[in-house]
C-alpha cells in the first residue's frame, strides 16, 4: 500500500496520488478491511489536509464501513456494488442466486430432495412395467394395469415437479444422487401375482411417504442447520397429503382381496379376482 | 438355513404355480404370436432408448430451470420433450402387448440410468444437442424397421417381414420424428440468427417466445 499507483476512482472524483488516500479507495473496492485502519489515520491527520478531496475521501471511508457490514453477510447487493465499480468484462456476483436459508449450503435437505426426485423417477418406470405386465394377454387384468399406470403417471409428474422445485430453491439436479436412507437396492421382479403386486405397490408407496417424512424431519429441526420451512411446507402440501390417500386405498384393496381369498374355502378366488379387476377398471 | 430356503422355494413356486392367493396360469394357443425374436428384441432396445432420451431431456429441463441459467421457456420445451419420449416408450410397449409379447422378461425391459450430459453452454447448444439426439433416435427406429422387415432368423410360424409393425413405425413414429426434427432445426436456426449480434438479448427474447410471451 506504500506505492499506490495512479488511477482514477469515480467515487473520489479526481486522480489520486496520495498513497494513503489511494489505499482507502482501493480498500473499499477490494477487500474492505484496510479501510478501517486508513479511515482512522485520516481522521487523525485530517486537520493537516486542506485538499478538496479529503472530505470526499472521508465520506468514502464511511461508506466503506457501511459496506463492510454487508460484506460479512455476502449479499447480492454487495456483490453488485463491488463488481460494478471495477472495469472488467465480467460480473461474478456469486451471491446473486436463489439460495436462502441453509438449502444447498448446510445439512442434507438439498441432497435428499435430489434423491427424492430420483426415487420417483425409478419407481415411476417400475410402475410402468407393472402396468405393462397386467396388460399382457395372459394376465389380462386391465383394472390392475390402470392402477399401476396411474401410479406411474403420478410419480412421473412428481419427478418433474421435484426437479423444478430444487431449481426454484437455487439448487441443481443430480441424477446420480441417492438418499442416505437408501440401503441396498431392491432387486425385485415386476412379474407378480395380483395380491403380491398390490402388496409391492403398498410397500413402495410407504417408502415414498416415509422418505417425505424423513426429509420433512430434516427440514423442521428447529435451531438446527437444516431448518427449512419452505421445503417442509412444500412436502406437506404436494406430497404428504396425497400419500395418505394412496396408501389407504392400496391397503383397502389388499384387505378386500384377503377376504375373497380366505372365505368360502378359496372357491371364490378366480371370480373374485375377475370382479375386483372390473371394479378397478371402473374406479381407478 | 431351512427357513430362507423354504421362502426361496415358495418364491420360485409362486412365479409359476398357484398358491392360495392366485389362480393357476392358463395356456391359450400361441400360434397368433408371430413376432420374430430379432424384431421383438429390436423393439425392446428401442423402448430403452426412448426412456434414456426422456431422462436426458429431464436433465436439459433441469439445467435450464436453474437460477443461474433462468430460461424457463427452454426448460418447458425440454420437460415436454421428456414427457413425449416417455409416451413413445409407452406406445411401443402397448404395441408389443397387442402382439402377444411382454408376458415375461419384463423387469429387464427398462433400466433407469443417470443422463450422460448435465450442462449446456447455451440454449443454442442445447437445441442442437436435442436435434442430434432426435436424429439418433430416428436412425435407431430405422434400424428396428430394417430388423423387422427382413429377419432372416425368423423361425417357422414367425413373421420374417412384420408388415404391420413396419407400417406402424414408418407411418407414426418416423412421421413424428421428422416433424420433431424439423421443429428443432427451425428453432435452432431462428435462435442462431437472433444470437448473431445480440446473443444475450436474443436468447432472452427467444426464451420468452417459447413461453408464449410476446415482449
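Keep in mind that glycine also has a Cβ here, set from the backbone N, Cα and C atoms.
Automated prediction, rather than curation, is the source of TrEMBL annotations.
The annotation Fe cation binding site is assigned in TrEMBL to B:50, B:85, B:88, B:134, B:177. In sequence order, B:177, B:180, B:181, B:184 make up the list of same-chain residues 6 or more apart from residue B:134 (Fe cation binding site) whose Cβ falls under 8 Å from its Cβ.
What TrEMBL lists as domain 'Ferritin-like diiron' is B:33-195.
As annotated by TrEMBL, signal peptide applies to B:1-18.
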Query = With the Fe cation site defined by B:50, B:85, B:88, B:134, B:177, which remaining residues of that chain have Cβ atoms positioned within 8 Å of the Cβ centroid?
reply = B:49, B:53, B:84, B:137, B:173, B:176, B:180
Key: Segment-level pLDDT (mean, integer) for the domain 'Ferritin-like diiron' (B:33-195)   = 96
Ask   = Near residue B:177 (Fe cation binding site), how many other Cβ atoms are within 10 Å of its Cβ?
value = 20
